[in-house]
Ligand code: ATP
Ligand code: MG
């Protein structure tokens, strides 16, 4: 599908709700650029940049990175996108961040993956990540072809330091208190679209159909 005007979307959902997997499918199917705040932070941590080292302790404790740091990081990346259409994953995570984003861009749609917390806890603790790309696998329902190795590059997979049971509990708490209010913020703007389920493969066709409808109406308005 070829887009005729810039399309800007946010994908939300609790940690481990499948944002990374669904984002990869959206960007592949619809040709949007993917900006993942978590991937950007992990790239900084891996490269041992000053910012990365500072953020690592926050993240490993299951806490959010301070709003001002996050806003600077993401908004400068978005400016670098120029006239591209994009999908933001992991940002905004607080109402402060949502307002900062809103000052710069208006969103066409906000997709929320609504997955129950007990499903998420099981998933996160059996998850393996390819850090350079952000690709994720799950030993239970989405294993890599070779255990411990990325399907595409053959490089090693790691278990994220923040995917331990205690940290997962703290991340879910942070989600409830700080991120759930963002859903209300977007609901009141009339752009929130909710997709509920326990399996990414069952949620995906609904997201895909929704975006096909949404993007063809964008094209019609332009025509
Ligand atoms: P998943 O990777 O399954 O979506 P997640 O949503 O918890 O899980 P990431 O989005 O990868 O994880 O983020 C990892 C950590 O990075 C968060 O727990 C938080 O500490 C920090 N972080 C990421 N995005 C933000 C943000 N917008 N504001 C503040 N902290 C953030
Ligand atoms: Mg993620």
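Glycine residues also receive a Cβ, built from the backbone N, Cα and C atoms like all the rest.
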Site co-member for GTP according to TrEMBL, given 16, 17, 18, 19, 20, 21, 136, 137, 200, out of 5, 127: 127
Binding-site annotation, TrEMBL, AMP: partner of 37, 42, 63, 64, 65, 90, 91, 92, 93, 97, 171 in 25, 160: 160
Proximal residue to residue 63 (AMP binding site) among binding-site residues 16, 18, 20, 137 (C-alpha distance): 16
Tally of residues which DSSP labels helix, strand or coil - the region 'NMPbind' (36-65): 21 helix, 1 strand, 8 coil
Integer Cα-Cα distance in angstrom, residue 18 (GTP binding site) to residue 93 (AMP binding site): 16
Composition by DSSP (helix, strand, coil) of residues within the domain 'Adenylate kinase active site lid' (127-162): 0 helix, 12 strand, 24 coil
Secondary structure at residue 91 (AMP binding site), reduced by DSSP to three states: coil
Number of other Cβ atoms within 10 Å of the Cβ of residue 127 (GTP binding site) across all protein chains: 20
